[in-house]
Amino acid sequence: MSTPEKLAQIGVVGLAVMGSNLARNFARNGHTVAVYNRSTSRTDALISDFGNDGDFIPASTIEEFIAALERPRRAIIMVQAGPATDAVITQLADAMDPGDIIIDGGNALYTDTIRREAEMASRGLHFVGAGISGGEEGALNGPAIMPGGPAESYESLGPLLESVAAVVDGVPCVTHIGPDGAGHFVKMVHNGIEYADMQVIGEAYQLLRYAAGMTPAEIAEVFREWNSGDLDSYLIEITAEVLSQVDAETGQPLIDVIVDAAGQKGTGRWTVKAALDLGIPVTGIGEAVFARALSGATSQRLAAVGTLPAGQLSTLSELGVDRAEFVEDVRRALYASKLVAYAQGFDQIKAGSQEYGWNVDPRDLATIWRGGCIIRAKFLDRIREAYDTNPEVESLLLDPYFKGEMADLVDSWRRVVICATQLGLPVPVFSSSLSYYDSLRSERLPAALIQGQRDFFGAHTYRRVDKEGSFHIQWSGDRTEIEA
Ligand code: NBP
């Protein structure tokens, strides 16, 4: 096997939609890119369709691919997460030398990344689990990139990633997140927040459509308007596009011909599982994942529609609610619920960072999520400012700016949740986020009663508000308190 005259600065393994777009992005930015895919047809298609984008070195075997890379070799894997990724890692590692860098750009589970990083480190290789957000469009034109792994690998890899990442205010949307699984953990929570963000937008749509009686085209206009204020974000922008789309076949709004069942098998579910392990209440993300699960429970839904009693329902006009005021209330409820979801997501990242010793800086995330990724939003600037003001803030909701926002939003939020309940419209994230908010600000929670119950049936003991120690009531005896 001959070594090519010109070597590649970076290689991409896996040339489905994400890998080929990322390879093109590197090539368009002046890098020579080695490309390899298990089935050579994808490699051939990339070269024939987009070979003019820049310098590619197509390889038909892993050995050819490795030989095409300059040292230290840098290879990005963009294949299906799970066993496929392990198979490719093994192939690459067997052909690489100490000091070479393997980057997994897929949506890997962070615990897999921790395991893989340790395995590769024991072989003298650098392993970088990098979350890449922005879908196929982002991969081609500038994604947000969240690389973990050894800090020293970022010295060699960072400039390359910075050259292809999205840029906001002159700042590339990529930074070293932390050791081993940090990058994939942060990407997972990013996706969890994305689930919540999409669900709150869905709930707002549902209210405007079925409570305010607006058409999809009218609602699209409302979202366009909202996109010029606090809610300015990619997801609000594309929502207006989806709602304006008319189905060519039927002439109906596209939204009305799309089956209302959404999948929830990937990173959203992982986020909630990880949050449960860490004991962090990510209620917004959790409800969003469950809302998708319920949407897909087709047979249960079919059995329930029109048969489960709804009780006495009202309409907006029966409740004497002004439509324009209601639309503004819904905007505020959306914003408040979204704030809760982000605050909870950042809480989870903080907890994960502490658990695994990653030292993740939340300001970095608020900075790199401003561009390229699906949850890019204007208000991430505010989140960064909040952490600039106080990096140790207990919750984003307690930042002075966001507290001020909440003061403006909370009355509308309550009105919307009450109204939705009276109309019989589901608002799982709006309502659970409000309950979370009220729980956070409650002086006393019913957990005291739960502790009393636990002590009663299981002698689990309780702590007192007025002195140190653990106590137990002798419930089946004379009911005196003893110190445990
Ligand atoms: P897919 O996730 O659909 O994976 C297809 C690629 O995996 C093909 O190149 C395929 O090769 C390769 N592959 C498989 Br499957 N098994 C393999 C094996 N045992 N050995 C070698 N290669 C194997 O591609 P994608 O949608 O481009 O996504 C790539 C990664 O990026 C995934 O981890 C995904 O979760 C992540 N991601 C995707 C998006 C998105 O919007 N799609 C966004 C962010 C992250 P073949 O051609 O020979 O079958």
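Every residue, even glycine, has its Cβ placed from backbone N, Cα and C.
As recorded in TrEMBL, the features of this protein are as follows:
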type     : residues                                                                                   : note
BINDING  : Gly14, Leu15, Ala16, Val17, Met18, Gly19, Asn37, Arg38, Ser39, Val79, Gln80, Ala81, Asn107 : NADP(+) binding site
BINDING  : Asn107, Ser133, Gly134, Gly135, His190, Asn191, Tyr195, Lys265, Arg292, Arg454, His460     : substrate binding site
DOMAIN   : 183-476                                                                                    : domain '6-phosphogluconate dehydrogenase C-terminal'
ACT_SITE : Lys187                                                                                     : active site, proton acceptor
ACT_SITE : Glu194                                                                                     : active site, proton donor
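Features recorded in TrEMBL, as mapped to the structure shown.
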| residue | record | contacts (Cβ under 8 Å, 6+ apart) |
| --- | --- | --- |
| Ala16 | NADP(+) binding site | Asn37, Arg42, Met78, Val79 |
| Met18 | NADP(+) binding site | Met78, Gly105, Gly106, Ile132, Glu136, Ala139 |
| Ser39 | NADP(+) binding site | none |
| Gln80 | NADP(+) binding site | Gly106 |
| Asn107 | NADP(+) binding site | Ala81, Gly131, His184, Lys187, Met188, Asn191, Gly266, Thr267 |
| Gly134 | substrate binding site | Gly142, Pro143, Ala144, Ala166, Gly372, Cys373, Ile374 |
| His190 | substrate binding site | Gly131, Ser133, Met146, Gly345, Leu365, Trp369, Cys373, Ile375 |
| Glu194 | active site, proton donor | Leu235, Gly268, Ile374, Ile375 |
| His460 | substrate binding site | Gln451, Arg454 |
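Cα-Cα distance from Arg292 (substrate binding site) to Gly14 (NADP(+) binding site): 30 Å (rounded to the nearest whole number). Put simply, Tyr195 (substrate binding site) is 26 Å from Gly14 (NADP(+) binding site) when counted between their Cα atoms. Highest Cβ count within 10 Å among the recorded positions Lys187, Arg292: Lys187. Mapped onto three states, the DSSP output places Gly134 (substrate binding site) in coil. The binding residues for substrate are recorded as Asn107, Ser133, Gly134, Gly135, His190, Asn191, Tyr195, Lys265, Arg292, Arg454, His460; their greatest pairwise CA distance is 49 Å. When other Cβ atoms within 10 Å of the Cβ of Asn37 (NADP(+) binding site) are tallied across all protein chains shown, the result is 25. Its own atom aside, the Cβ of Tyr195 (substrate binding site) has 30 Cβ atoms within 10 angstroms in the protein chains shown. Checked against ligand 1, the recorded positions Met18, Gly134, Glu194, Tyr195, His460 give Met18 as the ones with a Cβ under 6 Å from it, listed in sequence order. For the binding site of NADP(+), formed by Gly14, Leu15, Ala16, Val17, Met18, Gly19, Asn37, Arg38, Ser39, Val79, Gln80, Ala81, Asn107 according to the record, the largest Cα to Cα distance is 21 Å, rounded to a whole number. Within the model, the domain '6-phosphogluconate dehydrogenase C-terminal' (183-476) carries an average pLDDT of 97.
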